[in-house]
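So the structure is just underneath, and the comments pick up after that.
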Amino acid sequence: MSKKRLHEIAKEIGKSSKEVVERAKSLGLDVKSHASSVEEADANKIASSFSAGVTKNVQAGSAKDKQVAEQKAKAAKATTPQPAASKAAEKPAAATQEASQPVAVKPKSRNFKAEREARAKEQVARRQAGQNRSNDRKSDYRQLGRSQGQQTERAGHKSQNQQRDRRFDNRPSSGNNRNDGHRQAGNRDKNRSFNANSRQQDIGRQGQTQAGAPKIDFKARAAALKAEQNAEYARQRESRFREQEEAKRLEQQARQEAKAAALKAQTEDKKHREAPAKATEPAEPVASMAAAPVAKPVDKRRKKQNRPDKAHDRDHGLEDGQKKNKKSWNSQNQVRNQKNSNWNNNKKNKKGKHHKNSNTAPKPVTERKFHELPKEFEYSEGMTVAEIAKRIKREPAEIVKKLFMMGVMATQNQSLDGDTIELLMVDYGIEAKAKVEVDEADIERFFTDDNYLNPDNIVERAPVVTIMGHVDHGKTTLLDTLRNSRVATGEAGGITQHIGAYQIEEAGKKITFLDTPGHAAFTSMRARGASVTDITILIVAADDGVMPQTIEAINHSKAAGVPIIVAINKIDKPGANPERVISELAEHGIISTTWGGECEFVEISAKFNKNIDELLETVLLVAEVEELKADPTVRAIGTVIEARLDKGKGAVATLLVQQGTLHVQDPIVVGNTFGRVRAMTNDLGRRVKSAEPSTPVSITGLNETPMAGDHFAVYADEKAARAAGEERAKRALLKQRQNTQRVSLDNLFDTLKAGEIKTVNVIIKADVQGSVEALAASLLKIDVEGVRVNVVHSAVGAINESDVTLAEASNAVIIGFNVRPTPQARQQADADDVEIRLHSIIYKVIEEVEEAMKGKLDPEYQEKVLGEAIIRETFKVSKVGTIGGFMVVNGKVTRDSSVRVIRDSVVIFDGKLASLKHYKDDVKEIGNAQEGGLMIEGFNDIKVDDTIEAYVMEEIIRK
């Protein structure tokens, strides 16, 4: 069943919500307010209870309404100079009502909704009556041309006419006269007739009307209905007025009691402070103050409403509905004003002097609190006067005045420089200190700040060991042996392409290993590994000895200041000579402890797992000597070992935690990127929730791929991390723009010279960030005179369509290192004729790019003299030219060779041969000591004894 709210029921039956709520409670329904809902049956029950009560009240109140109407009529007949008589006439009525009810009836408000509905019904009835009259006129016009012989049919339609007459009973009597006139006109014009049946019915209806149908006095009926409505309205107004008066009386009574209690408390308080003789004086104001807010406002308003020359005279000519509406509006204002009567009294009292009866003492003036000046003031450049005043608890006007006395014109919103602030603080006697601004975007401060770590929480951490050495000396094989796996066979060409970070456990202690590439291209990666390591294991093959990358690794380790453990590998080979390795390393400052040095030497065989335990024991011994400590309680900081772009995970970074503990969901800034640690995996590929110091982990959740070697730091919240990351990215972009060189007078010639150098544009895409760096650095080091490499773009990830579009626009070659192009990118590259080179070994990339650079140069040619000939005779042929007969004196003369005409050791002409003949035959060449004839293109001034030198231009192959 549907439910209804009480205010909807009140709206339907024309009652107030309060009455409906009270009636529902009296019927036993569980309701709380007008917004409560009841069932349909309960709603009908409430409505029926009101309808039953209304009929009783209307019958009971009809006699009272008659008395009220008679009293109003008597008051209207009385003249205006007799107001006393009208008041005397009103008093008996009031007396009778007071006799029946305890509170005087004072109807001031009406049910406007019911009045509007009644007026709307009357208007609808009037419109219907007007339509009926217009229909009667139309039907009367149709009566033209009726004959008297049709009256016999009227009796047959008598019943129908009687039913129709009931709808037209309210027509005025003047309409009959008009109908008579029309009927006479119809007798004069009988020829214009149509629709005979309708005319007969209309004539029968008029005859019935003329027969004297009973007329209803609508005015009397409307007056009776209005009297009933007024009686109902009066009853409702009486009940509301009684409720309002009762509530008002209770409210005023409570207010008087509260004020009396307050005044009594004040009186008792004064009794303790004043003399005993004056203890009884405050008794009089209590009564006056208690009576004041009740008597005065009510009397004033009643006199104002009963003035006969104002509203009553102005509303005398208005209609009943308008007049009642205006009274109701005034009554609502009266109720509102009576509720706020005390507020008005207080307002009036505030305008003038204090009330005579009020004995409240004036409020004492609150004295401003005096604040001590601070001893120190930490300021920042650009502080305003208002900010300084707030900090030192002084008025801005006071500071402005002091500045004016110092000769500085300033307002409270004006910024001050540091010197002015210091002078102002000296005037106040405060020690001024400049605030040290902390750069939140600076990650390096976490690594250099000694106060970042808590000495009480320092614990021992695992050592970070970097394995370094020359290419194919067994670095990855050693690490593979330590991890008991076989990833070494997966390296392309036996070369480690990027850093691998792994952690093993030996004798209950953990050791973190970093595997670095040994190729010359990975210098930056070796330097990066040495910067984050604690111990360096230098792998040297016993059969190869010290190699260039071995020396480089030694230099990196010395620069980082880390201890070096030398592992002489491949001692199982027949040509192994460990003593030669020890002596070669001694030449570079790596001296064994057996020779009195500081470096530990261990002879191992990574392939056959020989002396590996001894190597690990040496690592733990050196780590114990180094006393490696860390604080796991602080926010994590560390270094990026490697970074790559995964198709499904996005940016993936391999981090080495150096201090603190890294947790999942930590807000982090990595280099110029930022994000939140979404997932974290260890070296075994298992997900972990935290990473302690010296632990390598791979994380996801960064907005971009960071650079390998960047530092990272965990921030307090994501907002701070985002701000720091964006600021670092902005600074990096600004630095990159500043590195762009502009043409000036100083470097104009260098720029012009550089424009003559040819460039090979390349786009590098690799699997990890370290490989990208190594490739770019290696290609830039290629030295070919007149050609240089321009790296247009480098990034990690697969070759995509945007790379192909960029390569087409910049005429570049795409180099993919351990990556492949997407199908869409390959299709677009074929369509745009873009060259994509895919490689997995770095030195093959370098060789290929070097060949491309050499082919980019313009070919160089070298002149090669083929032979010489002397002109013995000339023949001039018309329309052909001059033919020179010659004899080859040295070498040969070929048909496609170029020739020089030399006369008296001076070159007269240099050009091509037009023809070469031996007797009458065209030949390709004429050898030594042979004769022949020739013609030269564009030259006919051949003379006897001229020397003809034949030569060709040969291309020089670049080395």
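Residue numbers in this text run from 1 along the chain shown.
Cβ atoms here come from the backbone N, Cα and C positions, even for glycine.
Among the ranges 494-498, 574-578, 769-773, 929-933, the stretch that Swiss-Prot annotates as region 'G2' is 494-498.
Swiss-Prot tags one of the stretches 1-4, 569-572, 889-892 as region 'G4', and that stretch is 569-572.
Segment annotation: Swiss-Prot labels region 'G1' over residues 469-476 (candidates 469-476, 821-828). The Cβ of D472 (GTP binding site) has 18 other Cβ atoms within 10 Å, all protein chains considered. The Cβ of I571 (GTP binding site) lies under 8 Å from the Cβ of A542, P578, E603, I604, S605, K610, each of which sits 6+ residues away along the same chain. Long-range contacts of the region 'G4' (569-572) within the same chain, counting only residues at least 6 positions beyond its ends with a Cβ under 8 Å from a Cβ of the stretch, are 473-474, 477-478, 539-543, 578, 603-608, 610. The number of other Cβ atoms within 10 Å of the Cβ belonging to K475 (GTP binding site), over all protein chains shown, comes to 29. In the three-state DSSP scheme, I571 (GTP binding site) falls into the coil class. Every protein chain considered, the tally of other Cβ atoms within 10 Å of the Cβ of G469 (GTP binding site) stands at 28. For the region 'G2' (494-498), the model's pLDDT averages out at 43.
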